[in-house]
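For reference, the structure is listed below as structure tokens.
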Ligand code: P6P
């Protein structure tokens, strides 16, 4: 009787998941021009869904659930998890994605992307259960940032003339620059609690505004130049806008791995205990000093 095949270790599953994500990126990018319209449906968060969201979700769902070692697939665009076989937390992993973050930018032809979190526990889970996280950024070029226990790297994703997809690491051990340069804050001044407005006024005098309406693009600016991104708690929506499982946790994991910090205003994002998979959370993420000043300002 041979021993059962050992569970795939986290590294090999993570590598296979990001291979699958990279493989779909050129196909998603090529399909976007024809999918700039609203689908006429809403997602679990009550947001209108673009045709591009549904296409990316379908392609990524098929690719990720086919990866050996993925036990479940959870998407911002789907009410419930897709069972991919394998016991999550006992050798299999749960992969949570925002298939096309910032898809409203399709109309204005601005950056958007795909956010990925690989959890070693069934969702809802805290960010401490992440073993890796990353995002694809559909900008002038297609890049993918991947963070795992080895650190943070940036890759360029290209499709060769024979249709094969290549991943080229262009930045190893990516870390936030010490001297922050940019900021981007979601919402509008009337929506912000006074304490955040006071903080924002200080930051506006110190840093340059870089806000493009897609978290992945704005966070990529922070990773590149140093600074802070926030979609804050709002007066009428204290939970903010971004989803913990699909957006805040993966981004917090990446930025903390790059030497930064991420908070919901009081608690490290990775320690926030969700009740549901689609929970929203305020997100403040970037250079540690700027995040600490924010927490003091909101205190
Ligand atoms: P607003 C995109 O819809 C998203 O979820 C994030 O990617 C982005 O940071 C935020 O919402 C933009 O929101 O209110 O500026 O359109």
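Each Cβ is built from the backbone N, Cα and C atoms, and glycine gets one as well.
TrEMBL labels come from automatic prediction, so no person has curated them.
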Mg(2+) 2 binding, same site as 98, 101 - TrEMBL member from 206, 239, 247:
247
Per TrEMBL, member of 58, 76, 77 binding Mg(2+) 1 alongside 98, 100
76
Tell me the Cα distance separating residue 247 (Mg(2+) 2 binding site) from residue 98 (Mg(2+) 1 binding site), rounded to the nearest angstrom.
7
List nothing but the one residue from 103, 104 whose Cβ has the fewest other Cβ atoms within 10 Å; the candidates are the binding-site residues.
104
All chains considered, the count of other Cβ atoms within 10 Å of the Cβ of residue 102 (substrate binding site) is 21
Mean of pLDDT values spanning the domain 'Fructose-1-6-bisphosphatase class 1 C-terminal' (177-298):
98
Any idea what the Cα distance is from residue 211 (substrate binding site) over to residue 101 (Mg(2+) 2 binding site), rounded to a whole Å?
14
How far is it from residue 101 (Mg(2+) 2 binding site) to residue 76 (Mg(2+) 1 binding site), counting Cα to Cα, in Å?
9
